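Below you'll find the structure, written out as structure tokens, and then a few comments.
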Amino acid sequence: MEDILAKLIFLLATSQFVLCDPYYENSTGLQSSRDSKFIFTVIQFSNDICFSPKNESGICYSTSECSEKGEPMGKCAGGFGECCRVALTGCGGDVRLNNTMAYSPNWPGTYNEAMTCTYKVYFAEKPEPPAGICQLRFDYTAMDLVAPSNKGVCENDRLIFENDEKSTYFCGKAPDNYHWYVETVGTNSPHTFTITTDSTNYERKYGIRVSYIPCEQGVPTKCGNYYMGTSGEFISYNY
């Protein structure tokens, strides 16, 4: 059987695909025929957050992975990957992939009805720290529920992170680019977050990106928000 020369290009391991070039010629010069020689180039890239031409966030996957997991929105990884929309749109569902988006019913529009939407976030419990997943991060692209009462009580709508020891519930409108961390160490998969709304006449909307945070990239425990830098501005809920 003839030997096949393989050339491997490793960028960052996660997604990959293979390119075949039938016009490679053996560098030894022992064979001049190009018909029987191929060069295989394996392109690998990380499944990072990417953005479509319309500035919609997605996950960078290979074309085949995107066709299985989501919807292509444009190119990423220098044109080798697809910026893939991996999202749950509607009321509740299971999150099993890093950087999955959870969108409210009728997204990008609003909804106005009583609902209980429960999302289960599955993550790998092994290996134990310092390896593995230590936190979940929730980034809000939109969060607008009925505001709390004058006493600061969420009497109508609530967002609840049921495995979070730092918070009880949230309601009202979050500031732009708000985020929240929840620890997973010492807990079991899945984690659950629930958004409940009542019959109050209000146009609601939410969009949440769920990210798995490796232990080596984690923030200090008990931090809901974490910012780095020497200066900046922090805006609270319902400001």
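Every residue, even glycine, has its Cβ placed from backbone N, Cα and C.
As written in TrEMBL, here are the features:
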DISULFID  C154-C171  disulfide bond
DOMAIN    91-215  domain 'CUB'
SIGNAL    1-20  signal peptide
Other Cβ atoms within 10 Å is the metric here; tell me which of the disulfide-bonded residues C154, C171 scores highest.
C171
DSSP on the domain 'CUB' (91-215): how many residues come out helix, how many strand, how many coil?
1 helix, 56 strand, 68 coil
Where does the mean pLDDT land for the domain 'CUB' (91-215)?
94
